[in-house]
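Chemist: Straight out of TrEMBL:
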- 1-34: region 'Disordered' (REGION)
- 58-78: transmembrane segment (TRANSMEM)
- 84-104: transmembrane segment (TRANSMEM)
- 116-137: transmembrane segment (TRANSMEM)
- 143-164: transmembrane segment (TRANSMEM)
- 185-205: transmembrane segment (TRANSMEM)
- 217-237: transmembrane segment (TRANSMEM)
- 346-367: transmembrane segment (TRANSMEM)
- 379-397: transmembrane segment (TRANSMEM)
- 612-632: transmembrane segment (TRANSMEM)
- 644-664: transmembrane segment (TRANSMEM)
- 676-697: transmembrane segment (TRANSMEM)
């Protein structure tokens, strides 16, 4: 209180009453109202906040959309490691909001927290983009930069997550509740718009743009980083317009301290002589106010229902990992558009925008008219069942994809194909092993092999002896092989006789569903082949064999080639999804050099459109589970516990990602079996959740109101109504 006011009041108290008019005190300056949007009640400052959120969500989801394929094809991690690191990053993004909320509410305030952590966010994007530059260091440098960058991004995005929406709400006056509600709708729309656009655009930047001789991951990470810079600049531009509330303490910290004190106090007073209390939280009454204890009691009832929830998020979060990996092995040509495998994730935000009004305006009212009591807990249980069905569909699609994929050699096995480039048929026999023939019939000249043949080894590596019968000649040759490898035995003319060479095929020669090609040059001169998009390779003379190169799918009817004294064109034909081709360059006709084409690995035949049902099911489940779950939680908790509930909800998502990480790293299951396992686990969890929900007694709205409100006299009815509206918001 102002000391001058105290003196003035004392002086007035002891002075005699005067009939003279006392001059009124100088009027206080009216508080300047923040600028509004076009004369409305919306503060101009929320434009900067909404644009900031759109750019930040574009940045986050755009970077995350290509993350799994970056791990798999740039860092060359296997699928399980890529999935584990992806979900470790996602889990960290949902644990750090607790830190951000604590810093904002107890120390820096929302504005400074957003500014400082956004700088950390931008730094993470810069480091992550540098880690995607092939020219910058080796594999270890790329790995370290990626881990550091992702850690900073997780701290930045998680730290500002609980602050931005609440900071926007702080810009409204208490009398403008309706405008504030509409603001949150626009805010949510900006999140989905940023996610929708980024998950469609960044995979195109990665796959359709070529840089450094391959997919341009640096550009795919750099553009989201640029959007985060724009988000920071836009947010800082509105600094002078913001209403900045000072830190008021963090309720999450108070709740944790209250629960800890109750438990420790109960443990200290466990003697039988001490009278028991009605609830274990009543043991905190010595230190904490009764109202806080009552609110925490209501909170714990809801947190108990949160225990099964992480299993749902474990399934939902795999859209960016396992489902994307499945899409890489499918045909992405839909006729009217060719999708990148990581672009299928765009279906989720798109379907969310469609399903929310569809469920609210059509499906729920129809169910209600049928006389079905479709409570919030029942909606959440149905959402879990839909997610179970989605993963059952995923498992079926996975088995179909595996049926089309070539088999993999096991221990002490190799796969071998024979390519006869001689001018007449050749009979091939493997010596030993009872002289079994690779094929029952002789192999004709330039005959396309239908598939690889499996050969069994006696040890991990072995020398194979082959008998080649050509015309009246018998040629014996020996080649060394190693288990679990693919080989091509190439038979060629050698004067009037023949000889052979063994070429090792790559185990994983397809990249990201693209097509892989290699060339065998029978000419007596080295050939340079230009495949476009800065992709060129040299093939040595006299049966030189190139390495595999991945190229875009499409029609290659005129590929420019040249030797030291000649230029010519090769017609490679259609290069399809996921296939691996061998082209043999020959010059046995008057038309000049030609390319003989054979498939090492067949093209993907299962269309990526078969993933649509699983996305529809899991997104419908998400709408019924996530939106309803938050609505139910907020309706059952006191207004003081809303932020605690939000933190607990985010924690369940983080735990769900940790479950996927654990299963991917330690289960060692076949992929379709893993999908089935997740489906069965969620069905079991759904059963447990249904039993818990059956015995849960929902609180009525009047039971959640604070007791202080009930003691207010009837004359203050308007005030009570205002407080009720605040609680609902």
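Cβ coordinates are placed from backbone N, Cα and C, and glycine is handled just like the others.
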Chemist: At least three Cβ pairs under 8 Å linking the transmembrane segment (116-137) and the transmembrane segment (676-697), pairs spaced 6 or more in sequence?
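Modeler: Contact between the transmembrane segment (116-137) and the transmembrane segment (676-697): absent.
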Chemist: Are there at least 3 C-beta pairs under 8 angstroms linking the transmembrane segment (379-397) and the transmembrane segment (58-78), leaving out pairs fewer than 6 apart in sequence?
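Modeler: Judged by the Cβ rule, the two regions do not touch, with the required three close pairs absent.
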Chemist: Counting a contact as 3 or more Cβ pairs under 8 Å, with residues at least 6 apart in sequence, do the transmembrane segment (612-632) and the transmembrane segment (676-697) touch?
Modeler: no
Chemist: Contact between the transmembrane segment (676-697) and the transmembrane segment (84-104) is defined here as three or more C-beta pairs under 8 Å separated by at least 6 residues; is that satisfied?
Modeler: no
Chemist: Please figure out which one of 143-164, 185-205, 217-237, 379-397, 644-664 racks up the most CB pairs under 8 Å against the transmembrane segment (676-697).
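Modeler: Out of the listed stretches, 379-397 contacts the transmembrane segment (676-697) most.
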Chemist: If you count Cβ pairs under 8 Å, which stretch among 143-164, 185-205, 346-367, 379-397, 644-664 touches the transmembrane segment (217-237) the most?
Modeler: 185-205
Chemist: Please report, as numbers and ranges, the same-chain residues at least 6 past the borders of the transmembrane segment (644-664) whose CB is under 8 Å from any CB of it.
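Modeler: Those are 80, 83-84, 87-88, 90-95, 97-98, 101, 161-162, 251-252, 255, 299, 302-303, 306, 309-318, 321, 629-630, 633-634, 637, 674, 677-678, in sequence order.
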Chemist: State the non-local partners of the transmembrane segment (185-205) in its own chain: residues 6+ outside its ends, Cβ under 8 Å from one of its Cβ atoms.
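Modeler: Hits for the transmembrane segment (185-205): 49-51, 53-59, 61-63, 65-66, 165, 168, 216, 219-220, 223-224, 227, 340-343, 345-346, 348-350, 352-353.
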